[in-house]
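Data first, discussion second: the structure below is written as C-alpha cells.
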Amino acid sequence: MSVEADGRKLLRVEVKNSQTPIENKPHWIKTRATMGPEYRDMRRRMIDGDLHTVCQEAGCPNIFECWEDREATFLIGGDHCTRRCDFCQIESAKPEGYDKDEPRRVAESVKQMGLRYATVTSVCRDDLEDEGAWLCAETIRQIHQVTPGVGVEMLAQDFSGKQDLLDIVFEARPEVFGHNLETVPRIFKRIRPGFRYDRSLAVLDSAHEAGLITKSNLILGMGETREEISQAMRALHDANTDLLTITQYLRPNSYLHPIDRWVTPQEFDELAEEAREIGFVGVMSGPLVRSSYRAGRLYRQAMEARGERPVMIVTGYRDGAKPAPFAAKE
C-alpha cells in the first residue's frame, strides 16, 4: 500500500491506476454545467433534508439536466460502501450507524419535490445482518404510502445472493427492480471484486420470478470487447432482464480504473438496436446515459409490453399546479 496526502492508505490497485493520467474527453462527452433555479432548489432540499443522492456521490454528468427537470435518484444507507468497485467514487469504508428514519425523510422529499418517478439506490451494507434489505424495502413502502401512485425504482445491490434478503425487498413491490451487471465476465473480478457475475444474473432472474419488472446496466470503456458486450446482453436477456441501459465509463478520479476507449455515439446506437433485436423491451444507450436516466420512460415501455397501465402520478402539487398524469406514451 501507499499513503495519500490526507493520510488514507491507498490500495495497490489505486496506486497502479493513478499512474495513468485522467483522460481528455472527446467532444461528444462534454456537457455544459447550467445551474438553473430548479437545480438550485433541488440542491437546497437535499441539504435541508440531510439526504444523499447518487447524482452527487457518483458524479453523474446528467445532474444539472435531471435536477432542472426535477428528477432525482436517492442514495440510502449512508455515503460509505462496504465494497469497492473500480469505477465508483463512493468511498469504501466501514459505514456509520443505521438511520432508521431515512426512509421517511426520503419519502417526504419525494412528496415535497413533486417527483413523478423516484429511483432509490443503496450502498452495500455487509456490516448489517440483513445487508440493508429492510432499509430498501421500508423506503419503497414509505414512498408508496406518502405519495400514493408514484413509481418507485429500486436499484439494489445483490444482498450476497441470499434469497431471504432479496424477498424482503421484492415484497415491498417496487415498480422496477434494478441490479447492475456493469461489465463482462473476463474483467468482472478485476472491476467488481465484491460481486459475482453469475450471482448478479441470478438476482435479476429471481426478481423476474417474483413478478417484478427487471433492469440492468452495462458500462463500456473498461477493457471489454465488442463481442463480449453482445454476450453480456444475451446473458442478461436469458436472465429475464426487461430493461437495459448502456453507458460510457467516465473516470471520476485518478485512483479509479483508467478508461480503455471512448465509445462513439454511432456504436451506442448500434448496440441499442442489437439489444432491441435480442428482445429487451426498453433500451437507453448513449455516452451520457446512466442507469437511472429517464427511468420513467423505460418503466412505461415495460408496462406497455405487458399490456398493463403504468401507475398514475398524483404526487405533491407544486406552486398550486396539478401534476400531469403519468401518460402511457412519451
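The count begins at 1 with the first shown residue.
Glycine is treated like the rest: Cβ placed from N, Cα and C.
Features as listed in Swiss-Prot:
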type	residues	note
BINDING	CYS55, CYS60, CYS66, SER292	[4Fe-4S] cluster 1 binding site
BINDING	CYS81, CYS85, CYS88	[4Fe-4S] cluster 2 binding site
DOMAIN	67-281	domain 'Radical SAM core'
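For CYS55 ([4Fe-4S] cluster 1 binding site), the Cβ neighbour count at a 10 Å cut-off comes to 25, with all displayed protein chains included. Looking only at the binding-site residues CYS81, CYS85, CYS88, the one with its C-alpha closest to CYS55 ([4Fe-4S] cluster 1 binding site) is CYS88. Comparing CYS85 ([4Fe-4S] cluster 2 binding site) with CYS60 ([4Fe-4S] cluster 1 binding site), their Cα atoms are 16 Å apart once rounded. Look at CYS55 ([4Fe-4S] cluster 1 binding site): DSSP puts it in a helix. Neighbour count (other Cβ atoms within 10 Å of the Cβ, all protein chains): 23 for CYS66 ([4Fe-4S] cluster 1 binding site). Counting every protein chain shown, the Cβ of CYS81 ([4Fe-4S] cluster 2 binding site) has 23 other Cβ atoms within 10 Å. Residue pair CYS66 ([4Fe-4S] cluster 1 binding site) / CYS88 ([4Fe-4S] cluster 2 binding site) shows a Cα separation of 20 Å. One way to see the shell of the [4Fe-4S] cluster 2 site is to take the Cβ centroid of CYS81, CYS85, CYS88; the remaining same-chain residues with a Cβ within 8 Å of it are ARG83, ARG84, PHE87, GLN89, ILE90, SER92, VAL123, CYS124. It is 18 Å from the Cα atom of CYS81 ([4Fe-4S] cluster 2 binding site) to that of CYS60 ([4Fe-4S] cluster 1 binding site).
Reported as a whole number, the C-alpha separation between CYS60 ([4Fe-4S] cluster 1 binding site) and CYS88 ([4Fe-4S] cluster 2 binding site) equals 11 Å. Rounded to a whole value, the Cα-Cα separation of SER292 ([4Fe-4S] cluster 1 binding site) and CYS88 ([4Fe-4S] cluster 2 binding site) is 15 Å. Classification of CYS88 ([4Fe-4S] cluster 2 binding site) by DSSP places it in coil, neither helical nor stranded.
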